[in-house]
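Engineer: Take a look at this one; I'll ask things after.
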Amino acid sequence: MKDVIKDLSELRMSYEKGELHEAQVDTHPHEQFLQWFNHALQSNLHEPYAMSLATCNRQGRPHVRTVLLRGATAQGYDFYTNYDSQKGIDLAENPYAELLFYWPSLERQVRIGGIVNKISEHESTDYYHKRPRDSQIAAHISTPQSGIIANREELQQRFNRLYEQVGQQTVLSKPEFWGGYRLQADYYEFWQGRPNRLHDRLSYQNTDGTWVVQRLMP
């Protein structure tokens, strides 16, 4: 184990692909996010819309996992899940959360923090029916999410049973326990890797409706 730690201590790289200056960023953080996000999409990265979602329960215990961004507007950032999942339980107890996008090949990272609320049932249903058929079925049978299951075979059997039951049914109803959340941002941080660990970090803080940009120590 000591050899592994020693090896890890020697692993490092220099970041030299970009710079981040106050005079060059958009005055609104969502517009700045869209610039970086679109660049990530155009760079053909693997799932640039994947993001880490950090939540915390009322005892202060954090939980983090990777989810997919399914909507991004000035009103907020959307993701979908089982309401009875750990993230759903956490958000019912403590609605504050953070998102983290990390694009290593671009040497960029974005943090977005704020309060999370459920989106409308209409929006959730509309998105659910846009999902592939198999994904719709999976949403029905993978509950309670994070619950213990005996083995993979049991999960597959559940899927197969519902698949046979619905057959060619054109419309599969959205489960009541499944839907979307929207994070309304009040904080952003944009990180650009730089040489010698002197990274560029710019934060946006919403103060009385105005976004204030500040440079942070690396």
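Positions of Cβ are set from backbone N, Cα and C atoms, glycine also.
According to Swiss-Prot:
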BINDING   R12, M13, S14, Y15, R70, Y127, R131, S135, R197, L198, H199  substrate binding site
BINDING   R65, T66, V67, L68, L69, R70, Y80, T81, K87, Q109, Q145, S146, W191, R201  FMN binding site
Engineer: If I take the Cα of R12 (substrate binding site) as reference, which of the binding-site residues V67, Q145, W191 has the closest Cα?
Structural biologist: W191
Engineer: S14 (substrate binding site): which of the binding-site residues R65, L69, Q145, W191 is the nearest Cα neighbour?
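Structural biologist: Considering only the listed binding-site residues, the nearest one is W191.
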Engineer: Which one is it: of the binding-site residues S14, Q145, which Cβ has the fewest other Cβ atoms within 10 Å in this structure?
Structural biologist: S14
Engineer: Given the binding-site residues R131, R197, H199, which one's Cα is the least distant from that of L69 (FMN binding site)?
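Structural biologist: Nearest by Cα distance to L69 (FMN binding site): R131.
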Engineer: Going by DSSP, is H199 (substrate binding site) sitting in a helix, a strand, or coil?
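Structural biologist: DSSP assigns H199 (substrate binding site) to coil.
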Engineer: Sequence order is fine: just name those binding-site residues in Y80, K87, Q145, W191 with a Cα within 10 angstroms of R70 (substrate binding site).
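Structural biologist: So the list reads Y80.
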Engineer: Nearest to R131 (substrate binding site) in three-dimensional space, by Cα, is which of the binding-site residues V67, Y80, K87, Q145, W191?
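Structural biologist: Closest by Cα: Y80.
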Engineer: Counting only residues 6+ apart in the same chain, whose Cβ is under 8 Å from the Cβ of K87 (FMN binding site)?
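Structural biologist: Same-chain residues close to K87 (FMN binding site) (Cβ under 8 Å, separated by 6 or more) are L53, T55, H63, R65, V67, T81.
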Engineer: With Cβ-Cβ distance below 8 Å and at least 6 positions apart along the chain, what are the contacts of W191 (FMN binding site)? List them in sequence order.
Structural biologist: L20, R108, Q109, V110, R111, H199, D200, R201
Engineer: Roughly how many Å lie between the Cα atoms of Y80 (FMN binding site) and R197 (substrate binding site), rounded to a whole value?
Structural biologist: 36
